[in-house]
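The structure appears below as structure tokens.
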Amino acid sequence: MDQIVNVDEFQELAKQALPKMYYDFYNGGAEDQHTLNENVQAFRRIMFRPRVLVDVSKIDMSTKILGYPISAPIMIAPTGNHKLAHPEGETATAKAAAACNTIMIVSYMSSCTFEEIASSCNAVRFLQIYVYKRRDITAQVVKRAEKAGFKAIVLTVDVPRLGRREADIKNKMISPQLKNFEGLFSTEVRPSKGSGVQAFASRAFDASFSWKDIEWLRSITELPILVKGILTREDALKAVEAGVDGIIVSNHGGRQLDYSPATITVLEEVVQVVRGRIPVLLDGGVRRGTDVFKALALGAQAVLIGRPIIYGLAAKGEDGVKKVIDMLKNEFEITMALSGCPTIDDITRNHVRTENERLHSML
């Protein structure tokens, strides 16, 4: 594993290790996959404005999210069905997160039970949820999360219906039975045609859930609530007005509405309307420590990593996940040093130049 030096190399190992159906499930996006690809490419169009002759002999990457300290502004995004990638599933991912002193957001669609994940190691964890048509099931899950020591709820708001993921349709992707819902309802779908995941989502997800229903979620938990799936200033303002405790700028990894903007391109408009009242996080397309720096320079408090975690898990289990996080942290630390930023607070908007700024400078 010492020979692996970047996320792309882990992706290739994951492709070799996983059955095609599972690799396509994790790696694919919606329809033309424009948004999926643009998430990554948009970071590459942002350039640095490094400052020199700054004392960077000591670099401090640490920060806090909702008051919880983490070693670097790199968290684990919610992704489902980790046992499709590795037999230990989310418990391996959780142990790696704990070892790296970061926060894991556990998916509602996890293979392991929330209690198994919580008992696997001592760490800060948030729980991502969808709201099902049967609200009682969502309420039960939230109460279980509270009892298991989860510290926040992350409400995904961009899935009234599942995006059209053509690889899953072609592969007849199964929807496995999830242990968290045994005795409540069946999550298993093995389709004769089409995507089982899409069939399950159509049956289970509540497409009527709206901003006014945030009050319902608040009524059943005292945990902080973050909303994941914000892409516009209008919805960012609605989130603040609804009293949520944080925003995650996300397009669901390019898996929902194709031709949605890359998350890094809309981060600033969200940050500007939020005005520091609540934390703003970002996911989508982060593959390098340089990407982490760019997101922070444009106003994010931290980034979430999704697919790279799965690549590490599929390739090398817990150790693979740790390696992915450690690589990104190392790259981020070097970027801070070379940009003249000894601490997170030293990273400013003046350290980057976006594509629009470059184009305007040419006029």
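Positions of Cβ are set from backbone N, Cα and C atoms, glycine also.
Going by Swiss-Prot, these are the annotated features:
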ACT_SITE  HIS252  active site, proton acceptor
BINDING   78-80, SER107, 128-130, THR156, LYS228, SER250, 283-287, 306-307  FMN binding site
BINDING   TYR130, ARG165, ARG255  2-oxocarboxylate binding site
DOMAIN    1-357  domain 'FMN hydroxy acid dehydrogenase'
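A map of Swiss-Prot features onto the structure.
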residue	record	DSSP class
PRO78	FMN binding site	coil
SER107	FMN binding site	coil
TYR130	FMN binding site	coil
ARG165	2-oxocarboxylate binding site	coil
SER250	FMN binding site	coil
ARG255	2-oxocarboxylate binding site	coil
GLY285	FMN binding site	coil
GLY306	FMN binding site	coil
What whole-number Å value do you get for the CA-CA distance of SER107 (FMN binding site) and the residue listed as 'active site, proton acceptor'? 13
If I take every residue in the domain 'FMN hydroxy acid dehydrogenase' (1-357) and average their pLDDT values, what number comes out? 94
Cα-Cα separation of ARG165 (2-oxocarboxylate binding site) and GLY306 (FMN binding site), in Å? 17
Most distant Cα pair in Å, residues TYR130, ARG165, ARG255 binding 2-oxocarboxylate: 19
Least Cβ-packed of the binding-site residues GLY285, GLY306 (other Cβ atoms within 10 Å) is GLY306
Rounded Cα distance in angstrom between TYR130 (FMN binding site) and ARG255 (2-oxocarboxylate binding site) is 15
Fewest neighbouring Cβ atoms within 10 Å among the binding-site residues SER107, SER250 goes to SER107
Just to be sure I understand the packing, how many Cβ atoms besides its own are within 10 Å of the Cβ of HIS252 (active site, proton acceptor)? 24
